[in-house]
């Protein structure tokens, strides 16, 4: 798939910079930047590339690869200008507030213009009782606002940011206590922990029980590199805010893989025990697709049999094989794995802010189709939705 700058950023923050994989990933990200940044990268993608290059001790203003050169910071400023223009006109960004937050953070760390205005909007969104921002968005917004708070001398702006950051940080601490260490869900917790690492002064004198949160993520079997990449920085006491502060003169650390105990390495691979060898049972999954939002409405349901332990993507494939005229679908590869972008010929559309949402028992799934494993008799729904 597309090289993931979040993975490179996490490796750098954790000090794992000596491997051939790290060098390969850095080169791939530079090649992606010079060929795609101006053409079809969104603001959040460009921002993550800027952060990953900062943490790699590379100048994002002068990225060279394949005989081409690009100023990623300038590209990001242009894309953030577009985000802000749409925000001012329509009240929503061109992409997402998550992407705007990443953009503001990267511009702030780069010492470029455009991040203060974005931080003001993020602070007002955080404080608005009607905004209902996700944990992920609040977390990255907090990192951006923390950077801005440290860079501005404007008292009114500092007061606004202090109020917003205190609200986010204390809200995360409350959610952690209620969720036994989990903030939002197990996949949003990584970014929330990064925010808590970075915002200590805004919830002081309250104390963060980081051991409870770290225990919660340690108990979970993370499989997607993107999920691991968001958790890892917090586990070493860092956040994306530290991307530009790493000591480049002493960065030649050994390959992290060589520091792992040989006894621990097999646990990184799927466990194949006797039960796994003999598990050939099938399960029945009920699967529905529904559209009451756009064009001709439809609702169809089927049931399929798949091997026990199958992921949801295999359920969709079985339904498509059974009734291709009804349950056809298309996916795109993202940093979070396969994402369903079209079902029954109806495609998600970023401009219309539509997407296919998957639910079980009326509750949105926390995992993607490539990792979620339905249970026998479960009813999974794909509902065409808006955000």
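Note: Cβ is positioned from N, Cα and C throughout, glycine not excepted.
Annotation comment: TrEMBL describes 108-147 as disulfide bond. Positions annotated as cyanocob(III)alamin binding site by TrEMBL: 136, 185, 230, 365, 387. The domain 'Transcobalamin-like C-terminal' annotation in TrEMBL covers 309-381.
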Query: What mean pLDDT score does the domain 'Transcobalamin-like C-terminal' (309-381) have in the model?
result: 91
Message: Is it possible to list how many residues within the domain 'Transcobalamin-like C-terminal' (309-381) are helical, extended or coil according to DSSP?
response: 15 helix, 28 strand, 30 coil
- line: residue 147 (disulfide bond) sits from residue 365 (cyanocob(III)alamin binding site) (Cα to Cα, rounded, in Å) at a distance of 33
Query: Reported as an integer number of Å, what is the Cα distance between residue 147 (disulfide bond) and residue 136 (cyanocob(III)alamin binding site)?
result: 17
Task: Between residue 185 (cyanocob(III)alamin binding site) and residue 108 (disulfide bond), find the distance joining the two CA atoms and give it rounded to the nearest Å.
output: 28
Field: Inter-residue C-alpha distance, residue 136 (cyanocob(III)alamin binding site) and residue 108 (disulfide bond) (nearest angstrom)
entry: 19
Field: cyanocob(III)alamin binding residues 136, 185, 230, 365, 387: largest Cα-Cα distance, in Å and rounded to whole number
entry: 23
In the chain carrying residue 230 (cyanocob(III)alamin binding site), residues 6 or more apart in sequence that have Cβ under 8 angstroms from it: 6, 10, 187, 190, 191, 194
- prompt: Cα distance, residue 108 (disulfide bond) to residue 387 (cyanocob(III)alamin binding site), nearest Å?
  reply: 28
- request: Have a look around residue 365 (cyanocob(III)alamin binding site) and count the other CB atoms within 10 A of its CB, chains all included.
  value: 17
- request: Among the disulfide-bonded residues 108, 147, point out the residue whose Cβ has the most other Cβ atoms within 10 Å, with all shown protein chains included in the count.
  value: 108
- request: Mind checking which of 136, 185, 387 has the fewest other CB atoms within 10 A of its CB? They're the binding-site residues.
  value: 387
